[in-house]
Ligand SMILES: O=C(O)CCC(=O)C(=O)O
């Protein structure tokens, strides 16, 4: 089940966040992955991640996806502030955030499901967007590939500046999502996905 809200985006609520304020040059501290941590494995081949990524969260957690294991950096005030606003609005708590920064419409994220074992099973993923409006697509797991078992329509949402999308269970058990290339989009966008990760055993 999905819910799309307009996130209160005043400076008071969003800590003045914009793609610039979450960019590496602004000095407000989001450190994006570089080197080996900015590469992903897809069908056994390594590629540069077509966007910038960073993870922040509680101490001791790790999150593995696309062949990468990321240990979050300690929370910084701007992300804590937004996390707490999202918690206040939704009633859910989060211990981890994945930050994705798309410099323009050529940066993207391919179809995936966020179905990693470290994610707390009954916890939603809260996705907050800042900057350029981008299409966000959901494709049902049975409607993928050349000979799909079903032909369900792709669900397209527009994630505008200040939107909060709640991906509630069991959405990601059945639907893949992606942020496709949109070459006409010239402006940057930052997306924060707040998650609850299970502590390591
Ligand atoms: O940038 C977005 O809106 C999507 C990010 C995403 O799919 C993810 O973090 O799993």
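Including glycine, each Cβ sits where the backbone N, Cα and C put it.
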Candidate from 115, 135, 142 that TrEMBL assigns to the same substrate site as 43, 44, 45, 63, 64, 65: 115
Contacting binding-site residues for ligand 1, chosen from 43, 63, 65, 115, 193, 195 when the Cβ sits under 6 angstroms of any of its atoms: 193
Distance in Å spanning the most remote Cα pair of 100, 102, 112, 177, 189, 193, 195, given for 2-oxoglutarate: 20
Same-chain residues at least 6 apart in sequence whose Cβ lies under 8 Å from residue 65 (substrate binding site): 112, 114, 116
